[in-house]
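**Q** Before anything else, here's the structure in question.
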Amino acid sequence: MITTQKKKKNRFLPDFDKQSIYSLRYEEMQDWLVEHGQQKFRAKQIFQWLYEKRVDSIDEMTNLSKDLREVLKDNFTMTTLETVVKQESRDGTIKFLFELQDGYTIETVLMRHEYGNSVCVTTQVGCRIGCTFCASTLGGLKRNLEAGEIVSQVLTVQKVLDATDERVSQIVIMGIGEPFENYDEMMDFLKIVNYDNGLNIGARHITVSTSGIIPRIYDFAEEDIQINFAVSLHAANDEIRSKLMPINRAYSIDKLMEAIQYYQEKTNRRITFEYGLFGGVNDQLTHARELAHLIQNLNCHVNLIPVNHVPERNYVKTPKEDIFKFEKELKRLGINATIRREQGSDIDAACGQLRAKERQVETR
């Protein structure tokens with residue numbers, strides 16, 4: 001028996017009266033329709049209204065019968081995100097502060113590149129991982145987002161882009177929260193945005209980043225979906241990584257590397273390691289050599305990230321010349337490495353700066 005309300009998969013999910021229609025995968029919509037005496041092909045029509053025509057209400061789905069629309073309204077809600085603040089950076093990056101149905105707030109970022117528009121989505125209200133350089137974890141974890149709330153972030157940004165005939169071409173799951181701590185909803189989200197009948201964003205244009213939740217890395221290796229995979233590493237030894245990322249005390253670097261090796265053997269896909277450079281902490285050439293030794297046998301890429309200022313944190317940015325030296329040393333040792341282009345730091349939209357808290361800023 002298919003029910004309209006999915007079983008709650010963890011205690012951190014909200015308990016809303018109705019499920020978001022955006023949380024349903026295509027096959028779940030088909031099953032629901034059959035259960036309610038409808039034909040499966042209606043699922044394609046509904047998904048077209050949701051993701052191609054991007055309507056704001058079920059009543060606008062005019063090729064569905066009135067009775068079906070009423071049943072849909074009785075069972076589902078169309079998740080809407082209220083834009084509380086919208087800020088635009090000098091480089092064109094746009095940060096959205098969205099209010100959720102229960103009053104919590106999250107942040108989502110639109111980044112513009114030569115190759116297209118990328119959206120950085122949030123998967124949790126807050127975060128409990130506790131990285132000592134990150135703003136997202138300052139208030140702790142409030143709750144997980146439903147798949148529909150993650151989908152709605154992309155849809156809301158896409159509706160903004162519709163005004164200029166642009167589209168979201170890439171998604172990075174690197175906003176507030178640890179995606180692998182909201183694994184089932186994240187996977188539903190990935191499938192929904194990847195469907196031909198959904199937002200139709202290619203799997204290879206989607207990247208998920210984790211701080212290193214080892215059991216979920218093994219799970220992710222078994223998924224039949226070619227999503228890009230990134231790991232926030234930031235140090236190549238347990239002493240420094242545990243100071244930067246307390247999660248390392250539970251999942252040591254040795255265990256993390258075992259899981260990553262398994263993922264690579266299973267999927268034959270390249271891994272991206274994200275390495276934030278913190279002045280005087282992990283940015284010396286000895287650290288570069290240590291990193292190169294750790295990952296030398298992996299098919300991987302290192303994304304070097306200049307640390308961004310967070311008022312509550314005491315880390316300082318590594319000087320540019322030292323960042324270039326670090327990159328050069330990695331390349332000398334045979335490691336593919338690039339320096340991430342900094343975007344949105346003037347509106348606190350860059351790596352490590354997102355938080356689920358409204359600020360007194362001008363809406364632009």
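Positions of Cβ are set from backbone N, Cα and C atoms, glycine also.
In case it helps, Swiss-Prot gives these features for our protein:
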ACT_SITE  Glu107  active site, proton acceptor
DOMAIN    113-346  domain 'Radical SAM core'
DISULFID  Cys120-Cys351  disulfide bond
BINDING   Cys127, Cys131, Cys134  [4Fe-4S] cluster binding site
BINDING   Gly177, Glu178, Ser209, Ser232, Leu233, His234, Asn308  S-adenosyl-L-methionine binding site
ACT_SITE  Cys351  active site, S-methylcysteine intermediate
**Q** Do you see any of the binding-site residues Gly177, Glu178, Leu233, Asn308 whose C-alpha is within 10 Å of Cys127 ([4Fe-4S] cluster binding site), and which ones?
**A** Gly177, Glu178
**Q** Which residue among the recorded positions Cys120, Cys131 has the fewest other Cβ atoms within 10 Å of its Cβ, if you could check?
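**A** Checked Cys120, Cys131; of these recorded positions, fewest Cβ neighbours within 10 Å: Cys131.
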**Q** Taking DSSP as the reference, which of helix, strand or coil describes Glu107 (active site, proton acceptor)?
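**A** DSSP call for Glu107 (active site, proton acceptor): strand.
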**Q** When a 10 Å sphere is centred on the Cβ of Cys127 ([4Fe-4S] cluster binding site), how many other Cβ atoms does it contain?
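**A** Neighbour count, Cβ to Cβ under the 10 Å cut-off: 27.
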**Q** Mind giving me a neighbour count for Cys134 ([4Fe-4S] cluster binding site)? Other Cβ atoms within 10 Å of its Cβ, every protein chain shown.
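**A** Here the count is 25.
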**Q** If you compare CA-to-CA distances from Cys131 ([4Fe-4S] cluster binding site) to each of the recorded positions Glu107, Glu178, Ser209, which comes out shortest?
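**A** The answer is Glu178.
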**Q** Where Cys120 (disulfide bond) and Leu233 (S-adenosyl-L-methionine binding site) are concerned, what is their Cα separation in Å, rounded?
**A** 19
**Q** Which value in Å gives the longest Cα to Cα span across the S-adenosyl-L-methionine site residues Gly177, Glu178, Ser209, Ser232, Leu233, His234, Asn308 as recorded?
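**A** Site span for S-adenosyl-L-methionine, by Cα atoms: 19 Å.
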**Q** Rounded to the nearest Å, what's the C-alpha distance separating His234 (S-adenosyl-L-methionine binding site) and Cys134 ([4Fe-4S] cluster binding site)? Just drop the number here, would you?
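**A** Between the Cα atoms of His234 (S-adenosyl-L-methionine binding site) and Cys134 ([4Fe-4S] cluster binding site), the distance comes to 12 Å.
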